[in-house]
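Here is what TrEMBL records for this protein:
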- 20-39: transmembrane segment (TRANSMEM)
- 46-69: transmembrane segment (TRANSMEM)
- 75-95: transmembrane segment (TRANSMEM)
- 116-135: transmembrane segment (TRANSMEM)
- 150-171: transmembrane segment (TRANSMEM)
- 192-217: transmembrane segment (TRANSMEM)
- 229-252: transmembrane segment (TRANSMEM)
- 310-328: transmembrane segment (TRANSMEM)
Amino acid sequence: MPQDPMDFEWSYWIEWGRERILWLLAGHLLVSQVSRLLVEKYKPWCLMVYGMAACWLLLGVKGFAVILFHATISFAVAQFQLSLLTWLCSLILLFTLRIPAVEEAKRKWYDTENEYYLLLFTVSVRCLFCTSFSLEYCWHGPAQKSSHSFLWMLAYVFYYPTFHNGPLLNFDEFSKQMRRQEAFSLKTNLSILIMGIIRIFFWWCLAELMIHLMYIHALYSSAPPLEAASYWALGGLALAQVLFFYVKYLVLYGVPALLLQMDGLKPPALPCCVSLMHSFTKMWRSFDVGLHRFLVRYIYVPMGGSQSSLLRTLFSTALTFAFVSYWHGGQSYLWYWGALNWLGVITENGVKRILSVSLIQELI
């Protein structure tokens, strides 16, 4: 039975995974386990060299040069130790990805659109990693600068399991865990690997069944079936699409999360089932945990967060969603999506504050 071809993201990453990425991830696993067994002290540098080689192989010398250039510029700007300047640099680097002339030049480097998009997605994710490292560099004193060297930045930026699509792991977490030397057990790691592969294979089979049998995205791309459907049917379609999105990210984040475990790191928690969600706040906290930690640590809390005045809280929340919309591409529909999420979060928190008033509590 033919599959629904309308979900670009699933088709794209499954195709790349089958062609090259899964093989490169298997190579990373081999290098990681050998280095943990023989040269634990030099594991970060072994993985850095492998990540750089994999990047060169997949994106070519020009793609590799773009990512290295972004990392170098970010590190150079971080030397001023000004968070505002670091953020300005990150936003400018993101902006360069959307300049038409730059886009056309990069397209000419590759034979297919898929190869260009792989570079685009990879550089977008790397921008977040460069931002995380640079801000941590700004916030740490001179005594801790040795743990924030350019070599450590390269080890972080070129860490291959999270290289193309995440999940996001902040530099402070990555650095602490990568430096920690633990007792290595090949038997334990093998059991983790086998159980992880079984789980991911089950999720992949479920996603493939949904994409071959349900045709959710094809229905959404055609107006007549939607106009003819009842409100109950539309609600069911919406729920089915969100559930597929959840299963899809169990696979897309599950593979790198398994490799993080094999490397002795603690990955961000995988997405929670959307059927268990009943609030905007919980959705943002528990679906993409890595992105949520990044947003809270580097935008929400520095701008005031929930501990400041109401206006400051509203502003910091709005700025967080504005960045999410801009990072995802900045198209008009993404700004609407960000604004609606912002409204949902502030409405929910506003109702919670009202319900926490003692008089309302007594009435309840």
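Each Cβ is built from the backbone N, Cα and C atoms, and glycine gets one as well.
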Exercise. Given the transmembrane segment (310-328), which of the listed stretches 46-69, 75-95, 229-252 has the most Cβ pairs that are under 8 Å apart from it?
Worked result: 75-95
Exercise. Going through 116-135, 150-171, 229-252 one by one, which has the most CB pairs that fall under 8 Å from the transmembrane segment (46-69)?
Worked result: 150-171
Problem set entry | Per Cβ pairs under 8 Å, the stretch of 20-39, 150-171, 229-252 packing most closely against the transmembrane segment (192-217) | 229-252
Seminar exercise, completed: Other same-chain positions with a Cβ less than 8 Å from the transmembrane segment (75-95) and lying at least 6 residues past its termini are 124, 127, 130-131, 133-135, 137-139, 150, 153, 302, 326-327
